[in-house]
């Protein structure tokens, strides 16, 4: 099925049973699952559950991405074999996905015999098709570790701007890209040795072949996301531009992965066998369940195939992967859905602030996984926009929507129905206008989910919940219960409320599967599907005793979560001479706990402020930062906008009032010191994610000048100042 057929297929969903294969990107097997990862898995899981509730044959497939140099080196560092490491990490990842209700039909590993066979089969088919080329290339080689070095395992001086400590493929200061062999004064990140240049035969997938370009131009027209289509067209260029480059699909020994057939000492690059791992995991499931694997993945298959990914790996999934499949005799993806990144409280996740939150720490702290599923769903739509986890909003929204609006409906009605009416609903109440309105809304809500417009689905659902609560408030069952003469009205009110609650639970089931399961047990009904909107509660089936379905989010739980993920300042404070220093409780806590000092009180030795305790100092997280970009702020005569590398996954944006002292180009490439745990501040010009430190005289008029702090060479981004 082509991507352009998606709309007609979706329109036919209620009539025909579809065969649908769905994947999420494979987590790399050298680290923990964190909440940034969970955005994708929760997004995919909601979509999969939506389709299952239509009765379609849906398989949700995943695996750990296990091959490559980083896994090999980490295993060596931990004194393990690579296989021992990936087995341990697999168990951790599976535990985390299970905790958050991610309903994989199979979660496997790319280090499997199925993946080896499929990778070899695809490679040999591409070779037979004239799409594999052999070339001698020159690479950096570590003479100490006796291994060729991937681009990211070499650092040195940028050949363009001469910035130090730049990676082997691109400069973070000037943005230039280059070959690793062009790097000046290079060194191995693995051993510190100076790499030597060595030639080696490598194997390339000929993506530049006109056949690939022609195919991709046609295939891209069916992508559902305009942003993805535009990006693909940018990569492809105009017809005749020949912008596509061949792709190096091989790596030299030592390497943890699959050896290329007929090429001893050469291994498939991880990005070749990783997407093939989708099929390998599915084949493992098919072999165990008796499913016809070939019928799903062969060219021309009527089955649908969807990949959910982060926007940072769009290139691999919309260029290499579909071309590999097309020219190896397989079906191509029906569509690829990319999502944006996650920020926390308006800033990128940070270990120092405790917002680099792991899945396991969330569970260990006692937070309900369905709270996060709901919050992410409320923020997600069909675009590639980034989403923000605002922790205050998280608490408020979960408490208001799920507890205050949704769960509250059942708790207000169930007791009366059990006590007064033997737990049996009034059958005539199932035709109440409010119930009819909710029932009619279910198909639209389901359509929003299938279109990946989860925010719309939940807004619609909560609007209906508001109407149900307004109905209960108007009927006042607690007042009706005081007079036996109101028994019929009380029975109707409770019955309408509980049928409305059943329909709301149906609407929320893709997002809150465990709550839905508890609701099904409460009503004594079979697992809810979309068709069950037309199957109301019946007096023939009494409800069970009501069990509380969800608690409120407590601010203390969030504080504990941040503390669990924050780099401890205890050791640093003690090393500085303070005994019994307390661990900081986050930027907000630090701000709240800080004791004000008098600006008028002169301190000893002419210092500007009164003394502070070592505990107070321990709350401030000072870090080395590299200024990778700098520009003047339009509309401000004081501010410069700095882009800082603080040793985290992403750079930080900081506005600093030092424009009078520096030209932007003077600062690029310099190291400085920043306050890393200062709460992000929304400014007229954007969000500032910290503060850089600068010195000035007490009397700036008599002695003007601003001087940013510069550490000695040898300091690196992310190092703590202590």
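Positions of Cβ are set from backbone N, Cα and C atoms, glycine also.
What Swiss-Prot lists as motif ''HIGH' region' is 27-37. Using a Cβ-Cβ cut-off under 8 Å and counting only residues 6 or more beyond its ends in the same chain, the motif ''HIGH' region' (27-37) has close neighbours at 64-66, 68, 70-71, 74, 85-86, 89-90, 92-93, 96-97, 109, 341-342, 344, 349, 356-360, 362, 372, 389.
In three-state terms derived from DSSP, residue 161 (Zn(2+) binding site) belongs to neither a helical nor a strand segment and is classed as coil. The Zn(2+) binding site annotation in Swiss-Prot covers 158, 161, 171, 174 and is backed by sequence analysis.
Per-residue pLDDT, averaged along the motif ''KMSKS' region' (348-352), amounts to 87 for this model. What Swiss-Prot records for 348-352 is motif ''KMSKS' region'.
Summarising the annotation, Swiss-Prot assigns ATP binding site to 351.
Here Swiss-Prot flags 616-722 as domain 'tRNA-binding'.
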Around the Cβ of residue 171 (Zn(2+) binding site), the count of other Cβ atoms that are within 10 Å: 21
Integer Å distance between the CA atoms belonging to residue 161 (Zn(2+) binding site) and residue 351 (ATP binding site): 31
Sorted by sequence, non-158, 161, 171, 174 residues with Cβ within 8 Å of centre, Zn(2+): 159, 160, 162, 163, 166, 172, 173, 175, 176
Cβ packing number for residue 351 (ATP binding site), 10 Å threshold: 17
158, 174 as binding-site residues, winner by CB count within 10 A: 158
